[in-house]
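The structure appears below as structure tokens.
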Amino acid sequence: MRPGTPGACSGPSARPLRRILSRSLDAAFEHATLLLSLVTVGLIGWIGFRLYVDSALTRHRYGWGLLTGVVWDVPHEIYGAAPYIFGTLVAATLAMLIAVPLSVGAAVWLTSLAPRWIAAPVAFGIELLAAIPSIIYGLWGLFILCPLLQSHVSPWLAQQLGANPLFAGPPVLTNMLAAGVILAIMVIPFITAISSEVIKTIPAAQREASFALGSTKWEVIRNVVLPQARSGITGAAILGLGRAIGETMAVVMVVGNTPRIAASILQPGYPMPAKLINEFNEAFNDPLQRSALLEIALVLFAITLVINGLARLLILLTRQGLANPQEALRPWMAKLRQGLDAVFRHGAMALLGGLVLLQVGADLLKRGLGGLGAPFELALAAFAIGWLVVRRARSTLSNRRIRRWVHGSMSGVLALCALAACTVLGALLGYVAIRGFSALTPQLFTELPRPPGMGGGGLKSAILGTLELVAIAGAIGVPIGLMGGVFVAEFGRGRLGGFVRFAADVLNGIPSVVIGMFAYAAFVLPFGHFSAWAGGGALAVMMVPTIARTTEEMLKLVPSSYREAALGLGATKSQAIRSVIVPAAKSGILTGIMLGIARIAGETAPLLFTAFGSDQVNKNPAESVSSLTMKIYQYAISPYDDWIQQAWGGALVLLLLILVLSIGARLATRGRMRRA
Amino acid sequence: MARTTLCAGLALGILVAGCGGPEAQGGKAPAAAITINGAGSTFVNPAMSKWAYAYHEAKANTTVNYQSVGSGAGIAQYKAGTVDFGASDAPLSDKERGEMPTPTLHIPVTSGCEVLAYNIPNIGSGLKLSTEAIAGIFLGKIKTWNDPAIARPNPDLKLPAIPITVAHRSDGSGTTFIFTDYLTSSSPEWAKGPGKGKTVNWPVGLGGKGNEGVAGLVKQTPGCIGYVELAYAMQAKLNFGPLQNKSGEYIPPSLESASAAANAAVESMQKDVRVSIVNGAGKDAYPIVGFVYVLVSKTPKDPTKGKAVVDFLKWVLGPGQEMATPLQYAPLPKAVVDLNMAALGGVTTG
């Protein structure tokens, strides 16, 4: 359906020149959107290429040794990244162990059990958790969560399960457990939202059939919902894993930053992103050290690329399968889906089984047979007996009381999952509001930062810096994202469109610290100095996928009759897009822009290597510039009470900005917005 | 036509204009407004940020933007040419100096003490730490606060049986260099093991970013001990005590002890300013002391900025010195100031 062919609008003279012009304009428009949509693909390639080329030195010198070595000793030129890879694995696994059950429980409760009046606000609240910046999680983690864990949770774990090497040693303030918990909180909204989406695509007829057979709601969930949505939920969990692996700021503040390969999660660790954020700034002195860090970044890039790719594919396949059940997947796709599903599920079961065995074994070793009377073993036995009773009861279907009881208690458990997520949101917002509010003075907005010990001062330069960076990022990122989204929605129906969309999702999953390192190499080194331009450029890279994906989603919601009507009236395709389709999706597209801004306004990691920071208001974007996030980081880890106070104040300002943007964005589209 | 695009464009335009407006004015108004960027040592940051603040008040058209990112990062960014000066408490080695793109001057700007700040419930300032105890704690051999090696010189204190948490730096640091230089010179076991450097392979402990981060860890964590520059410990109201020196005396950190160590080094500094002053032999010498060096290029690529840096440093070496004393940084000996002034005269400026 080439546009412009009808030519009905022109008079009898046909004005060939004008028609040629409009046709070539049309083609130019399409090519322009294609080109800008390919920016995402290009960026992924460029980032990967740079990391690969720039890490050549250590790749050749150490080979795989860099990944297996356990010592990182810069002065002696010994580089082994194993402790950092180990740290990432442990923190991410812990996060998954906590987040997956909670998120799946919350998603099931929200979609299948909760009354509508409560489900909507709770789902909204959980989505807000996703909008809160990493640095605020870090601040909250360091000052609220870590002390709480250290004073209450860790000693309890050490006491009850202490025979297990996983819980050995005196608990320290910042440790792997804290990192795991913070990461879990950060990925819960992602897993919950995507699992909910998948569950919602299950055709109602299937549930109804099960109800008609007399199932309780829990039985429907267990026999229909979970099996149908399983691979999609697996995909959501893998996506969460990708997030957890790449998270930087929150982790670096709570994990303890000590390279270590040892069992205990009550001791500190040092995940890969934390290593990069701490050391990259100083590595340019030493080509070997720089190359080693870039190689870690390359590993991180590759892991997140693969994980995100697989997860997106799995979710896509599940949703397709659920939406058109009669349409069989291509054999390789079906096999891939089954394979991924099985690997993940068996992996999870093996992990859980292993942990249980470890605990039992440790208790037995320490206390002999008396270990069977330890708290964990007693709880395990109680659980096993309960499970057996219920299982027996279920085989005798007539026992309605037990079935109802199971339904009731399972509903309770699922509701608790959702409640837990909401409690965390409440605690986070509450603490930031309370501690931030007392720091919210006029000086915070009107005065420049002061040296420590002088007292007073404010965050004027940081607030203005954030605005400046967001403006630069927007000026670069918004047009690219918009046009890219237009291409995928309007021209890219085929394979190319799918590929571009996939690339945007993958780019969205690349850890921000990796993008920061890339931006340093791409935007700082060539110009020889840090600048607001470089910071804005790095943020633009992070903003493009969000805007492109929302634009696309929003354009797709425009009824196709609009397109047909416009084309029928003789508009060319580009005219139809510009004067009919895009205006119809206006509020949705503005939403995308707001979400894009909300996403980058809270970024820290890429700015530390590009915008660098400054305590003055720099009017020249070619100079380094401050941002709220960098200032919060600097102040939060400082020992000065007035700085810490201002960090909370800055966090409140940032949080308000982001919440206004995200809530505004969601209200503007009133539930039309679908999560990518 | 496309009203949305227009709207979005307009909104964006306003945003950009909002930020661009003052920039346009700023570019014109004061003819020689200049920003010089420095980065590095967190050891000197309390003094440096005070200097930057005061210098801007004195000379409104010059802004000194100093980012306290750690000596390692300061050296690296100075080498990459992304900052106009670096600051490090660890002087460059000959090899490092040779690798710099332009000839590089070391300008000592001040000297200061490092303390071992601790957070022990119910124990205030004044805990005496012996040489042996310090090495033992940082080697991970002394694990609890009531260890005899710690208790022996402190008969009056009731030390709790809680575990020791060591805090050290996670970034490349001159403060670490000075501290490990001290440990290497005072403990053969440390010398054989981790050794000295801006980053070393710590046997135990938590990593914090910058002096700020280590002080923050100490403040947050009961049972924690970490090495920080004196000003940090004082400003953050952390506890610290006298350390045993080479001649066996317990000496509290002070401006005087830092000055004494600096004065003792004047002679050798005539030849090369890159000296180590830890573990001095004097009876009153505090053992962990170091100089802070500013690294500047002899042939700056932007001579205007180069001149601004030189002017700033000359001001630091003059009126700046006194401003740092309330923060317990020792003023430089006169001879070292003269040495610096002569060296700065050799910088080619526009």
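From the backbone N, Cα and C atoms, a Cβ is placed for every residue, glycine too.
Per TrEMBL, the feature domain 'ABC transmembrane type-1' maps to A:85-311 (among others).
Summarising the annotation, TrEMBL assigns domain 'ABC transmembrane type-1' to A:463-665 (among others).
Marked as transmembrane segment by TrEMBL: A:32-53 (among others).
Here TrEMBL flags A:84-110 (among others) as transmembrane segment.
The feature transmembrane segment is assigned by TrEMBL to A:122-145 (among others). Below 8 angstroms of C-beta separation, residues 106, 110, 114, 174, 178, 181-182, 185-186, 188-190, 192-193, 196, 247-254, 418, 421-422, 424-425, 427-428, 431-432, 435, 512, 598-599, 601-605, 629, 632-633, 636-637, 644, 647-648, 651, 654-655, 658-659, 662-663, 666, 675 of the same chain, each at least six residues beyond the ends of the transmembrane segment (A:122-145), sit close to that stretch.
Long-range contacts of the transmembrane segment (A:166-191) within the same chain, counting only residues at least 6 positions beyond its ends with a Cβ under 8 Å from a Cβ of the stretch, are 87, 90-100, 102-104, 106-107, 126-130, 134, 137-138, 141-142, 145-147, 149-150, 153-155, 157-158, 233, 236-237, 239-241, 243-244, 247, 250-251, 253-257, 263-269, 271, 355, 358-359, 421, 424, 428. If you look up TrEMBL, you'll see A:166-191 (among others) marked as transmembrane segment.
Within its own chain, the transmembrane segment (A:296-318) has Cβ neighbours under 8 Å at 44, 47-48, 51-52, 55, 67, 81, 84-85, 88, 194, 198, 201, 229, 231-232, 234-236, 238-239, 241-242, 245-246, 272-273, 275-276, 329, 333, 336-337, 340-341, 502, 505-506, 508-511, 513-514, 517, counting only residues six or more beyond its boundaries. Per TrEMBL, the feature transmembrane segment maps to A:296-318 (among others).
Note on the transmembrane segment (A:339-360): residues 93, 97, 100, 161, 163-166, 230-231, 234-235, 237-238, 310, 314, 371, 376-377, 380 of its chain, located 6 or more positions outside it, place their CB under 8 angstroms from a CB of the stretch. Look at TrEMBL and you will find A:339-360 (among others) tagged as transmembrane segment.
Per TrEMBL, transmembrane segment is recorded for A:372-390 (among others).
The transmembrane segment annotation in TrEMBL covers A:411-434 (among others).
Annotation source TrEMBL lists transmembrane segment at A:469-490 (among others).
According to TrEMBL, the feature transmembrane segment maps to A:502-524 (among others). Same-chain residues lying 6+ beyond the ends of the transmembrane segment (A:502-524) with a Cβ under 8 Å from its Cβ atoms: 40-41, 43-44, 46-47, 50-51, 54, 134, 239, 242-243, 245-248, 273, 276-277, 280, 293-294, 297, 300-301, 304-305, 307-309, 312, 484, 488, 530-531, 533-535, 537-538, 541-542, 544-546, 548-549, 603-610, 676.
Taken from TrEMBL, the feature transmembrane segment covers A:530-548 (among others).
What TrEMBL records for A:647-668 (among others) is transmembrane segment. Long-range contacts of the transmembrane segment (A:647-668) within its own chain (CB-CB distance under 8 A, at least 6 residues past either end) are made by residues 124, 127-128, 131-133, 135-136, 139, 429, 432-433, 435-441, 444, 459, 462-463, 466, 587-588, 590-592, 594-595, 597-598, 601-602, 628-629, 631-632, 635-636.
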Are there residues at least six beyond either end of the transmembrane segment (A:84-110) with Cβ under 8 Å to its Cβ atoms? List them, or say none.
67, 72, 119, 122-123, 126, 176-177, 179-181, 183-193, 195-196, 199, 221, 225-226, 233, 236-237, 240-241, 244-245, 251, 255, 259-261, 265, 269-275, 296, 299-300, 348, 351, 411, 413-418, 420-421
For the transmembrane segment (A:530-548), I need the partner stretch with the highest count of C-beta pairs below 8 angstroms, choosing only from A:32-53, A:372-390, A:411-434, A:469-490.
A:469-490
Please tell me whether the transmembrane segment (A:32-53) and the transmembrane segment (A:469-490) touch - that is, whether there are at least 3 C-beta pairs under 8 Å between them, with each pair 6 or more apart in sequence.
yes
